[in-house]
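Trainee: My questions will all concern the structure given below.
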Amino acid sequence: MEFDDEAAEHRRLFRVETNSPQGKAVFSLEQGGAKAPKNAVIQSFKIVILSNKLNLLLPLGPIAILVHYLTDNKGLFFLLSLLGITPLAERLGYATEQLACYTGPTVGGLLNATFGNVTELIISIIALKNGMIRVVQLTLLGSILSNMLLVLGFSFFCGGIVFSRKQQVFDKGNAVLNSGMLLMAVMSLLFPALLHYTHSEVHAGSSELALSRSTSCIMLVAYAAYLFFQLKSQPSFLPEGEETLDDDEVPEISKWEAIIWLLIFTAWVSLLSGYLVDAIEGASVSWNIPISFISVIVLPIVGNAAEHAGAIMFAMKDKLDLSLGVAIGSSIQISMFAVPFCVVISWMMGEQMDLNFQLFETATLFITVIVIAFFLQEGTSNYFKGLMLILSYLIVAASFFVHQDPDQG
């Protein structure tokens, strides 16, 4: 009898839906039960915050804000802010994945595509508000380069070491399609730069900006078509390389908990990003390194560390298609969505951000995409290919370390 009472109480507190659209178990809190909300909040906190060792870096965010107001050490403040954002970016991805569990594959894919690089978008929008257009361009470029060379390189290398006795394979058709999308992105950046450096504008000073804005709108249409193709025509393709849930896997938190955590992490990232952007110039002076190096190399590596680690783990589990989805898919999202989106947003703000990333940066991206296309064309990977990509990234990093940006020099 006591067991029956306990079971009834359990049913009153929780409802299990096994007939959800995805065929997964969905746990939701029922109304009634005074202790249920409190217990649910504690349990959700344990799952989201205490279950991930990377969250040990979360206190660095508040510490960074204290350092900002109590000291003048811009370098330390910038470093603490950057490290504090790292776990937030990872938890944003986690909350998005949890929310995607309660949607169909189409909405879930759109969620992953939208929030996959929300940290870069937040930093970029705040920098645009501060008139730091060049920092936006360099940060987005750095994210593309690090994903294509560093993340994919370490994925190939680590996967090749773990599976040294076999050849790892991935979907060659998908890889070729993604290479084409990256080349299209390069083309959109190349023409404004060529127009600028050949001095062939019809209306000097305005044709370049007009071309950038019209091209950005076209790129957004192309990215929307790309998502539609992946989600509808080719459901096996993953827009952001997010791991799909197995049939017997259930979400760890409820839908509303996922939404609330998503809002919390987005707000916290926005707050820290504001401080981070303000500290970039001070950190450059304090560390005596170019702003271009901080924006292109340091920000993307540390800010996306969790996402990068996930891609490497996929490769070590012989899931290279997921690794490519994270690395190449993220590069496509930034180049085909984030970059033109920032151009359009700056247009609305009255700023004049264009797609002319300058000759040095555009050439670097073009060569990188060509290298990646050659490495992907066979549909196979090994540790040697990974090592070559890593070394290529080191060459890029060294180049930006000695490169003086003309807009900041």
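Numbering starts at 1 and runs along the chain as displayed.
Cβ coordinates are placed from backbone N, Cα and C, and glycine is handled just like the others.
Any TrEMBL annotation is an automated prediction that lacks curation.
Taken from TrEMBL, the feature domain 'Sodium/calcium exchanger membrane region' covers 76-231, 258-400. Sequence annotations record features per position, and here TrEMBL assigns transmembrane segment to 54-70, 106-128, 140-163, 175-197, 209-229, 258-277, 289-315, 322-349, 355-376, 383-402.
Can you walk me through where each of these features ends up in the structure?
Mentor: Within the chain, the transmembrane segment (140-163) has long-range Cβ neighbours (under 8 A, six or more residues past its boundaries) at 117, 120, 124, 182, 295-297, 299-301, 304, 307-308, 311-312, 314-316, 318, 320, 323-324, 326-328, 330-331, 334-335, 338-339, 342, 357, 361, 364-365, 368-369, 371-372, 381-390, 392-393, 396.
If one looks beyond the transmembrane segment (209-229) by at least 6 residues along the same chain, the residues whose Cβ comes under 8 Å of a Cβ in the stretch are 109-110, 113, 181, 184-185, 188, 191-192, 195, 203, 237, 239, 332-333, 336-337, 339-341, 343-344, 347, 352-356.
Sequence-distant contacts of the transmembrane segment (289-315) (same chain, at least 6 residues past either end, Cβ-Cβ under 8 Å): 54, 82-83, 85-87, 89-90, 93, 119-120, 123, 134-135, 138-139, 141-143, 145-147, 150-152, 154-156, 158-159, 162, 168, 241, 243, 280-281, 283, 322-323, 326-327, 330, 361, 381, 397, 400-401, 403-405, 408.
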Trainee: So which of 54-70, 322-349, 355-376, 383-402 is most in touch with the transmembrane segment (175-197), counting Cβ pairs under 8 Å?
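Mentor: Against the transmembrane segment (175-197), the leading stretch is 355-376.
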Trainee: May I ask which of the stretches 258-277, 322-349, 355-376 has the most CB pairs under 8 A with the transmembrane segment (54-70)?
Mentor: 258-277
Trainee: Taking a Cβ cut-off under 8 Å, which residues six or more beyond the ends of the transmembrane segment (355-376) line up next to it in the same chain?
Mentor: 137-138, 141, 144-145, 148-149, 152, 172, 175-176, 178-179, 182-183, 185-186, 188-193, 195-197, 208, 211-212, 215-216, 296, 324, 328, 339-340, 343, 385, 388-389, 392, 396, 399, 403, 405-407
Trainee: In the domain 'Sodium/calcium exchanger membrane region' (258-400), how many residues does DSSP put in helix, strand and coil?
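Mentor: Breakdown, helix to coil: 121 helix, 2 strand, 20 coil.
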